[in-house]
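Here is what Swiss-Prot says about this protein:
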| type | residues | note |
| --- | --- | --- |
| BINDING | 31, 32, 33, 34, 35, 79, 80, 142, 176, 312 | NAD(+) binding site |
| ACT_SITE | 120 | active site, N6-AMP-lysine intermediate |
| BINDING | 405, 408, 421, 427 | Zn(2+) binding site |
| DOMAIN | 585-663 | domain 'BRCT' |
């Protein structure tokens, strides 16, 4: 094979591999195989000076452009009318019903109304133009809707966008360039000027003349409309979406067909529920009539198509005033800042507090007391301050670190980016949180133990170590608030019962940094005893599934602490007896599979179904993804079941699950 033919073969293979990896999430080759072919292609292109216009090597952002050229779209990119209440959707639907009835009265043969519901992505709209050879010729921003700015070099850095498609028609496809949360976090870890939000990250990347900077932001995209196409027109929107998908353009998994307001309302509730679990931002839903002929007849206003509407969710980002900063002590002794905010409505809740990670983060973002700040809420966690409104800095105050621990007055020590209180003997928040963690359900499971109990043990009984729990007597507890003889006896019995525990629960209870329940189980499966784990080397630790360098270093440092070793020795001498029994994996259809259980099951609690699946060799996951093999759905299964249906994952009822066990 000559070099030109080899170049063509490599380009075809590499583009197919990219489609499998980025669009199907199902790679057929390893990264190593891909890289070898990519480097071979680079070398051949250098030797021959022959580069196909859709070669993957053209994605590399290594140019700085002089400016943006204007581009006139072949078909207008319309804005959408917006609704913020269900009543507005109902009014819009009623207008559509009336129009269809009147059109039928004039002799038009229109089908019953059917709506297609999709997510409204919060990024930057882009328009791709492919020529008659299927090659990506122009990429442009929406601009005015009629005229945009050419951003072809920038868009080519988005690896999920095919540089060549199968269509031979001149084609314009509309989509949204987005930045995922994962890409956003990774970029901000190393950026001197952190991005404030995902939308600005995407928009700023495409409007950057330095294409290398665009590539650094690792954008993604979803496509949802063919604005212009020569040849046979589409009959329905669903047919159009199928065409887009067949061209290898990335299409979101979520797309719903609804025939009633009740169905639309259900989809609004569902997407609102999963919104913060997504890896990217959406700000609502788009509801559009499916039938293209009906669309043509309904037409447009001056600004909007009448056949579609956007339902907008509550904002997940807002600006408000930073009133103060409060410093709190965690279980590890880390003293961290929390922002006290002027209350603001954000994604349906009133926000008064937000995360400020550390002083380095505060300095990078330029956050000051009294300034207006951008606050963002995602994934149902405490909101985070993303940056400041520059115009509000006048009269603001610098945030300063307390000189001593706010809880115990001890000297603070800077370790990396964080400040720590090293008073592990009498700093109340550290000790209380350590004891509460030790007693928690997934750890030693001491029933009836609360944070208030831990505070009283510290304040009135001078309990300063988890081992002190096993020295408590009934007369000690009766003197505490709300502790009568019965409650005291129950707590002592629960403490005694905790001595007989599983090894993974004991390891988790010790509070090793970055070791959760799953990691504790993985460590136990490898080392089988507390002694085995104490004596593990770094190489042995990183050899455990899902254990990386940070966790391994944390485990090694933990077991070097003399106080830790003394506490473990004392716990064992007081009768705590962690046990490890290697669970026999029962051969089954679930061995090696990823399974999610959702809803209420008749014969299993959450813990029981998890234990059962693990005994069958399954990996039990908490959320549904493309990597999920089975979803076991009980009564009142919610969004996880819906997502499984979207992704085409095998769904089992409880009866079907048990039938598979009997085979």
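Cβ from N, Cα, C; glycine included.
Worth saying up front: this structure is predicted, and the values here are computed from it rather than measured.
Neighbour list (residue 408 (Zn(2+) binding site), Cβ cut-off 8 Å, at least 6 residues apart, same chain): 421, 423, 426, 427, 428. Here residue 120 (active site, N6-AMP-lysine intermediate) is positioned 10 angstrom away from residue 80 (NAD(+) binding site), judged by their C-alpha atoms. Between residue 33 (NAD(+) binding site) and residue 120 (active site, N6-AMP-lysine intermediate), the C-alpha separation comes to 36 Å. Spacing of residue 35 (NAD(+) binding site) relative to residue 120 (active site, N6-AMP-lysine intermediate) is 35 Å (Cα to Cα, whole number).
The Cβ of 427 has fewer other Cβ atoms within 10 Å than any other of the binding-site residues 405, 421, 427. On a Cα basis, residue 120 (active site, N6-AMP-lysine intermediate) lies 46 Å away from residue 405 (Zn(2+) binding site). Taking the mean position of the Cβ atoms of 405, 408, 421, 427 as the Zn(2+) site, the remaining same-chain residues with a Cβ inside 8 Å of that point are 329, 333, 335, 404, 406, 407, 409, 410, 422, 423, 426, 428, 429, 430.
If you measure from the Cα atom of residue 176 (NAD(+) binding site) to that of residue 120 (active site, N6-AMP-lysine intermediate), you get 9 Å. The Cβ of residue 120 (active site, N6-AMP-lysine intermediate) has 282, 283, 284, 285, 286, 310, 311, 312 as same-chain neighbours under 8 Å, each 6 or more residues away in sequence.
The average pLDDT computed over the domain 'BRCT' (585-663) stands at 83.
According to DSSP, the domain 'BRCT' (585-663) comprises 28 helix, 17 strand, 34 coil. A helical conformation is recorded for residue 33 (NAD(+) binding site) in the three-state DSSP classification. The secondary structure of residue 408 (Zn(2+) binding site), as reduced to three states from DSSP, is coil rather than helix or strand. According to DSSP, residue 80 (NAD(+) binding site) is assigned to coil rather than to any helix or strand.
Within 10 Å of the C-beta atom of residue 33 (NAD(+) binding site) sit 13 other C-beta atoms, taking all shown protein chains into account. Scoring each of the binding-site residues (35, 176) by how many neighbouring Cβ atoms lie within 10 Å, the top position goes to 176.
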